[in-house]
Each structure stands twice: as C-alpha cells, then as structure tokens.
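According to TrEMBL:
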BINDING   LYS200, GLU277  ATP binding site
Amino acid sequence: MFKSIRDFDVEGKRVLVRCDFDVPIANGIILDDFRIKESLSTITYLLDNKAKVILMGHMARPNGSVVESLRLTPIQKKLEEYLGVQVKKASDCIGEEVENLVNAMEVGQVLLLENLRFHKEEMSNSPEFAQALAKLGDLYVNNAFANSHRNHASMTTICKYLPSAAGLTLQKEIEMLEKIMQNPVRPLVAIIGGAKIETKVKFIEEFSEIADFVIVGGLIEKEILEKNIKFTFREKIIAPASNLDALDIDDVTIKQFREKILVAKTIFWNGPFGKFEDEEHKKGSLAIARAIVESGAFSVAGGDETVEFLEREKLVSQFSYVCTGGGSMLAYLAGDILPGLKALE
C-alpha cells in the first residue's frame, strides 16, 4: 500500500498537492463546490502542521491551450472563503515566475497553480513536464481520487521525482469503497443509472458477481437491450418492470426498486434515474435516494450527476459517504488498477 501525509514531517516543507478542482462553472460562478469542500481536510491538515501548501489541479479539457474561461480564479476565491486565509494564484503552473512565487513562500501560506491542462504535456504524461512540477515541492500528495484513473503527468510520473503520499480525502474514498468490496454486510445492492453504458459494462459484469442485486435504470437498461449486451450473472440484474422512457422511471418501477433497496444493508449508487434537472422528471431519482436513506444501510454514492442531484436535494449528509470520483470509482470497484494509486506505491 502507500504512505499517508500523516507519515511525513511536513513542517517547513513545500507540499505539492494534486487536488480535484474540476467543478462546473458558468459565467465565472461555481455551480457545485462539492469537490472543493472535499479537498479542505488535507489542506487544513498541512496548514495546521506548518507546511507551505502548493495546490494544483485542472478544469475541463482546454486541450493544451489557454482558455480564459477555464482559469482557476473562481477556485482561488472559493478556497479563500472556506479556508479563511489568503490564497495566492500563479498565472501558470510551471516556469520561472511560478518558481519565484514558491521560493518566496512562508510557512502557512497557500499558492494555487494555474490549470494544468493548459499544457498538453499534462495529458500526454510528459516526463519533462512532471519534472518541472516536481521542482516546486519537497513532497507530492495525491488528493484527487476522481482523476486517479488517468495516467497524466501530475498523477503518475511526478511520483518518480518526489517522495509521494496519499491525501486524507483520497484515503477516505478508498476506505469507504473497500467497505463495499471486502466482506460487506448483506444484502449488497448496486444501483446504476445515468448513461455512458460503455463506462459501466465492466463494472456491472464484475460487481454483479459479488453483489446480491444490481439495479439498472436510466438510459443504461435501454442501451443494454439495444446493444444486446450479455452479462454472466443476468439473474442478479434488476431492470425496470415497465416504461423504459429514459426521462424518468414510473410508479411501478419505483415500487419494484424500493422493495429491493429497503432490505439492503450495503448500497452503492452511481447515476440518476431520468432527467433529474427537470422538476417533472426527478421523481424516480428522488424516490431512489429517499429509499436508500430509509433503508438505514451503509450507503455510498458517487459520480458527477449523482453528486449534483444529492447536493441539489440537500441529501448528501444523509448518505454514509459521497465520493468525488465517477469513472475512477467504477474502475476501482471493478477491480482495475488505477495508475494514480499505483504510482504512490
């Protein structure tokens, strides 16, 4: 396994933290700051232990070009609001100007680097880019579980050039997912909605072997039928009893799914059921969420849309844990080796 930041003496050290700041923004306004809030425990720990904290992350896919609307300035402002300290921001993530800012830092200060993906070398996993980042720190911390399935310079290759550790949020995410995978209290039920069947086929196949039931809805079941996808444990997969309208599930299906959810002792949910953004089409997702809470089961939810829905309905706190990861979470539960975690070993 890998080391935690708690295993290092960080006092006076330049600690380079890979965060997950890929949040939805419109006209400079952050629409959902869940991932930012989840980064705070690690940042606060480092500040309390007298480190110099250098934060780096990405937003969206600028494809190696500077896109003004994708600068991390809104992240800087939100971090200042939550941390209650000044957060300086660099205009780039590598180079002489950034190195000068880092060299001028004092204990207890925070510096935010600019969007990593303004450099194409980040996504191409350039060793030179990773080295340029590594020059800025004495210790590297991966606190971005949601990006740990990516083999990018700031996630993997950087670990070759710096002592490396897991952040507190990343550790917590793995701990919660392991509770689902290792001797879960049964019945164990997975609930899979949303779309992108290509990202979920392997998960459904692998997870249905250990789960008691896998409930599928949203566009997923429709795509399974249309593409004639076969699963080894099809008898464990619970599909909607009626109405494959992708906009929502009907009352018959809600009743069918509730019966399975209410007897579960461990529940994993990824993907809403229907077009929850529209008030008239959120009934199914809301019924599923409320049934999970009502069950009293150990419950873990994750994925961008699922988190957005739970935040919108103010239900996050009623789940045992809500993950920042989507694709990384499904990959981990399907037994895949995540490059970002492997690099920490």
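The backbone N, Cα and C atoms fix where each Cβ goes, and this holds for glycine too.
Using a 10 Å radius centred on the Cβ of GLU277 (ATP binding site) and all shown protein chains, the other Cβ atoms total 12. Taking the Cβ of LYS200 (ATP binding site) as reference, residues of its chain lying under 8 Å away and at least six apart in sequence are, in sequence order, ILE192, GLY194, ILE220, ASN270, GLY271, LEU330.
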